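Undergrad: First the structure, which I've put down as structure tokens, then a few questions once you've had a look.
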């Protein structure tokens, strides 16, 4: 910008110099003419015209004077024209000077503005440089902080994984200390004439006494007390939540990779199905073990995602009727089903496996299976289950650390057990066959559970039910027998028989 202004000044100076030289030349010419006129006047004054007598004609003198006057007028006119041109050139030069001064002032103002802007830019660049230095320092600090946090996160993640492994180990130790095979009793609320039941262990809730009064041969009233000890006794006042609180620890074991089987066992009408499923119109407080267990499984699986675990769930459901297996989730038809044990896994051929999406999906499957289950009326119950139903939920988990678990939760609703003379089954050949098959399989189940607790040979092959559940009853598997009892006086014989 400064160089441009300097070049413009040089151009203007050169133009003014040319114009000044031209004016000076014109003025010199005018001065020469004036000097020539003055010289001629002086000459004319010094040499007046000679008289006629000298031989110069007067007319010639007059002509010379006229010519001289004309020349003088011409010179004056030319001088006036030159003077006017010089004045005009002077005015134009003055205007140019004024214009150049205005342009110069504008240029100087622009230069000052540019200098101010340049100074502002330099200041801004300085501030930006300072900010960049500060930003780089902050970035370095943040990078260090991120690295520190990542290291801390990695350490905490390892602690979480280690803590989860320790929790699983300790949880399993607690379950083994409480017993891998447990028997719980639940006495349902009664109405009308009730049997005499007592619960002497008010702290541990492990004892139940049944008192029976009968008439002796001498006519005296004789009261007999039958004491029983279980792993836990739930009285008539126990809620569904109380029962599940005890059972939930076994449900957790499934997620930890241990096969778990929960049986509901008892005479027809004792409340075992209510304990498993709850009433038909469910409320949160009245939900049975199955819906509560399903909600717990999916809730825990969702929470475990934050610890790197992903779980999948697959369901099968069969009924065992007259020691034969029937698929309750598929179109069974005439297909044969065979039980095969492949290492730690049990496979039932030709049975539909359904990937389960959530608790609601499980409820739909159970409702479908319930409609297909074999039931019939007996003297003990208008709708008595004539088969064992086994709901098998395979739970597979995999962690980002490479750790994996694979276990099955078996929920078994055992067929109603009753004595032939009280259920009316003896009068009907079909019901008789069903009752005999049911009682035989229940007896085999009792033998297996007894052998597991006593360290004897376990007769799994004695029934289809125990053979199906072989991998879920022995070893480090968890087994719960939930015995449902009726408090009714009319059912006292069945209660003692169970």
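The backbone N, Cα and C atoms fix where each Cβ goes, and this holds for glycine too.
Because TrEMBL annotations are produced automatically, they should be read as predictions rather than curated entries.
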Undergrad: In TrEMBL, which of 1-22, 23-44 is labelled region 'Disordered'?
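TA: Comparing 1-22, 23-44 with TrEMBL, region 'Disordered' matches 1-22.
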Undergrad: Among 266, 269, 271, all listed as binding-site residues, which has the most CB atoms within 10 Å of its CB?
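TA: Max Cβ neighbours within 10 Å, all protein chains included: 266.
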Undergrad: What is the one among the binding-site residues 267, 268, 270, 273 whose Cβ has the most other Cβ atoms less than or equal to 10 Å away?
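TA: Comparing the binding-site residues 267, 268, 270, 273, the most crowded Cβ belongs to 270.
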Undergrad: Does anything in the same chain, at least 6 positions from residue 272 (ATP binding site), have a Cβ under 8 Å from its Cβ, and if so what?
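TA: When sequence neighbours closer than 6 are ignored, residue 272 (ATP binding site) has 264, 265, 266, 413, 414, 482, 484 within Cβ distance under 8 Å.
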